[in-house]
Amino acid sequence: QLLEELKNVTVNDDDEEIKFDSNGDMSTSYNVLLWKEIDGHMEITTMGEYDAEKGNFVFEDEEKKREFLNLKKVQSTCSQHCRPGQMKKVTESPHTCCYECVYCPENHYSNQTDMDYCYRCNNKTYWAPINSTTCYRKTIYFLTWTDWFAVFLLLLSAFGIVLVLSISVIFTKNLNTPVVKASGGLTVCYIILFSHFLIFLSTIFFIDEPTEFKCKTRQALFGISFALCISCILIKSLKILLAFSFDPKLQNFLKCMYKPIPTVVTCTGIQVIICAFWLIFRTPFVEQNFSIPRSIILECNEGSIVAFGIMLSYIAALAFICFIFAFKGRKLPENYNEAKFITFGMLIYFIAWIVFIPVYATTFGKYLPAVEIIVVLISNYGILCCTFLPKCYIIIYKQETNTKSAFLKMVYTYSTKSAGSVAVSQISLDSKSSSSRATASDSCKPEKNSVNGSCHFQVPGQILIKGKVLPKNTARTMARKRLSSI
């Protein structure tokens, strides 16, 4: 009804009648303006009128009509069309129909002309450069088999496996020699070598595309294998101290501690329980890392950093205990004593993992697994080489010392010296308690058969305890006791 009424309405605007046609549109004319830029300034000239009802132009004079008709290639819009990869942005011009074309920002795109806005890419898996007409899939990165660094680490692991197998062959061929027996026997050596083999093998689970199985297996395999290795070495350290210790209190303590099978099973079993709880309650999983633009880093999320830290801390605790026992026995007979080398191996382990912690915390990207592989290889090589290579050297190049007679002579010599030192210590205590100013060194005379004072060491094999000379057979008996302990 309103539209019908408007058709009959006439509006006067500055003596100009404005009417509405049958469609409800205003029947009026439009001014034709010519915009000309002269010396940097815009000059606007009225050329005439356009009668919308009649559809023709009405000019003020012939000159303006000629000028208007001579215009060529007149641009009827104030803006260019925006191409794909661009969007329209309204300018500060008073004409709202005018705009400028701007490039789509990064991670945005437009695929049509004159778009009012750009579409946003899915930042999780896609990206786009500036002025893009489409989105591109992000590149997925991980430590591949063909990466030069991965190949280098794999070669080191393969060499370690070959070294383990070679040591196994050497020890098997020399099963009945004193060196192999002093190392705990073939069974203990096989268990330690097998754990080293598993540690080297665990490095392959750090390379190539991460999967749920790899993420769960690599840390558990490494942790349990290392705990088994350190547990066996701990038993060896205890055995060395027990065999060559003359301190009664220490011997009683070591005898209580020296339970090979229960100790190994318990120490390794605790690590198995730790890893089992870790895998059940906060298991590692595959994670996409978007911290690097235009890339997706596939990596294993450990699930629980606390569980990861507990596993490593438990291994460190076992290694520290092993280090203490080995350090206690570092001055024992060198030819068959592993304590010194076990001490070096544990030191290498501690240094490697102390350096690993800050490096691991500050490293990201596809080479993060390589950092862990490096520290695993360093610590594993350190313990393996310090434990077995000195023995292999004696077996191959010092065969004259790897005989039963040489072994008995070493034990006899060490036992005699150790028993003598115990006697001197006892004599010194007795001398002080009797308020005598004579010392053990003053009581020892260079004459062969005289006993003057508290002690007398002249005949090889004789031991004097509390003023009495023990015959040579007694020293040999003590040596045999050392031998039977070993």
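Backbone N, Cα and C atoms are what each Cβ position is placed from, and that goes for glycine too.
Quantities reported herein were computed from a predicted structural model and do not represent experimental measurements.
According to TrEMBL, the protein carries these features:
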type	residues	note
TRANSMEM	148-172	transmembrane segment
DOMAIN	149-411	domain 'G-protein coupled receptors family 3 profile'
TRANSMEM	184-207	transmembrane segment
TRANSMEM	219-242	transmembrane segment
TRANSMEM	263-285	transmembrane segment
TRANSMEM	305-327	transmembrane segment
TRANSMEM	339-361	transmembrane segment
TRANSMEM	367-389	transmembrane segment
Other parts of the chain folded back onto the transmembrane segment (219-242), taken as Cβ under 8 Å at six or more residues beyond its ends: 183-184, 188, 191-192, 195-196, 198-199, 201-202, 205, 250-251, 254-255, 257-258, 260, 263-264, 267-268, 270-272, 274-275, 278-279, 284, 302, 308, 311-312, 314-315, 318-319, 321-322, 325-326, 328-329, 332, 337-339, 342, 345, 376, 379-380, 383, 387, 485
Sequence-remote partners of the transmembrane segment (184-207) [C-beta within less than 8 Å, at least six residues beyond its ends]: 143-145, 150, 153-154, 157, 160-161, 164-165, 167-168, 171-172, 175, 214, 217-218, 221-222, 225-226, 228-229, 232-233, 235-236, 239, 260, 264, 369-370, 372-373, 376-377, 380, 383-384, 387-388
Listed stretch, out of 263-285, 339-361, 367-389, that has the most CB pairs under 8 angstroms to the transmembrane segment (148-172): 367-389
Reported mean pLDDT - the domain 'G-protein coupled receptors family 3 profile' (149-411): 86
